[in-house]
Amino acid sequence: MDMNMNNNNNKGKSKLKQNQKKRVELILLILYAIGFYAFCICRSLHLSRADHFSKLHGLRAGWLFPPRLNDVSDAQWRNFRANLPILTLVFGVFTMLANIAGKSFHFRAKGMSIIWLFLSLIYLSYLHGACIIFILLIASANFLLVKIFANAKYFPLLLWIFNLVFLFANRVYQGYSFSKFGRQHWAYLDKFRGTFRWHICFNFVILRMISFGYDYHWAHRDSHFDQEKHIRRCHVCKSGKVCYQILQERNVHTNNFAFTTYLSYLVYAPLYIAGPIISFNAFASQLDVPQNHYSIIEVTWYGLRWVFSLSLMELMTHLFYFNAFAASGSWKKLSPMDIFIIGYGVVNFMWLKFFLIWRYFRFWSLIAGIEAPENMPKCVNNCQNLESFWKSWHASFNKWIVRYMYIPLGGSQRKLLNIWVIFTFVAVWHDLEWKLLSWAWLTCLFFVPEMLVKSAANAFQVANLVGYVIGPSGINWLISRFLSKEGLHVLGFMLTSFYVGTKLMFQIHDAKQRMQ
């Protein structure tokens, strides 16, 4: 008995020492992180001082700290920011009309699809003008293809060929010109092409057309989704609500695959421009019965957090000119340490930009009763490896790829081969540019060893820098800079910081696990 007591005492002392060691390690990690960010902020403020203004492009008069300038060098962010008032007015009116009509007349899927189709076509008419004809013609052709060939064994191949042809053709011919279809009768329509290039938005429509095709194809087959098993494991479903996974995997009735529901899904106004990407099953289910995952209070809180995030973005672009350095090419004249800080800042700027854009449109969709997957559920600085980063960054696109590409291609059994097909598609889906293909293939090169050894890699920073900023032509120059005498010290600092960051992420993850 005394021996058992001694063993228990020894185990207790050993556990206490381990906890003390972890506590000391956590304190050291936090102190390093504080020092790291303090250094990066001070250096970024120094780089964004007035004597650099003449070398940077895209700086405009700011309103936050006049006469300090505001970095609006990113065209996507600049346009979104400028159009926020009109977008908010339009979506406010649209969601109010749709919700009033749905509750007043007790509309289900068919009725709500007609309401949203009507409102969305008004929206598209302003965006694309006469080019809405191209969208409706291609969409109608896809609908007929699905309805006619859905039961054929070769249907998935046919569906992909059809959509890939238009993905490439739309970009090569820049959305087509009406004059090519008859100068006398159609050329005048080129004067009414709207305010936004339709073939850019159509990339999202292609994803929805493929989703509709597969979901209709699978609706005629037995589902492999174990709903009861999922409900036992899902905390959302246990609470009596319906999670997105159920909405996506549960086959809807074939009556819901009507032409009006299909078109409403393709052009659904709140998610049309930028997503998040939602499957046809999930969309049609929520037209019938609006989402119950988020309460009114939770949706309101979601909107308020978005406003706070917008304030952070305004503060960031007024204080730090990361993207202006990248856009103007001025970063090439900086030291290796400053290049690292600008590159790190650009990645964080890109994350916050997409965070704001995606959550804005998702907010209006939630108000309309349609839940879409959340993009960027984790901060970019809280992804301990490349796989975690990819799943979190464009999470709804990742769900779409897993459902409609990864699993049909063979899933984990062919993972090493599948990633090359998938990331190549992701690159060409974004745009037909060599630097995006370089990003895709570099990501695959970093992915392969990570999958083999599951190590904590932060190489996604390099891959994103190539894809978004420098392109393949600048990678040799960048490598030579960091392999110089001055650059090797910076490289050591980077690797140490990545290691500390990864250790801190694991500490946070363990703390969350203990709290559950």
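Backbone N, Cα and C define each Cβ position, glycine as well.
Residue ranges 47-65, 446-464, 465-483 are listed, and TrEMBL annotates 465-483 among them as transmembrane segment. Sequence-distant contacts of the transmembrane segment (194-214), counting only residues of its own chain at least 6 positions beyond either end whose CB sits under 8 Å from a CB of the stretch, comprise 125-132, 134-135, 138-139, 142-143, 145-146, 150, 155-156, 159-160, 163, 166-167, 170-171, 174-175, 257, 262, 265-267, 271-275, 277, 279-280, 397, 400, 403-404, 408, 429-430.
The transmembrane segment (26-46) and the transmembrane segment (489-506) are in contact, since at least 3 Cβ pairs between them lie under 8 Å (pairs 6 or more apart in sequence). Of the two recorded stretches, the transmembrane segment (262-283) does not lie close to the transmembrane segment (489-506), with fewer than three CB pairs under 8 Å once pairs fewer than 6 apart in sequence are set aside. Tertiary neighbourhood of the transmembrane segment (304-327): same-chain residues 44-45, 47-48, 52, 56-59, 62, 64-65, 68-74, 334, 342, 345-346, 348-349, 352-353, 355-356, 359-360, 363, 468-469, selected by CB-CB distance under 8 Å and a gap of 6+ residues from either end.
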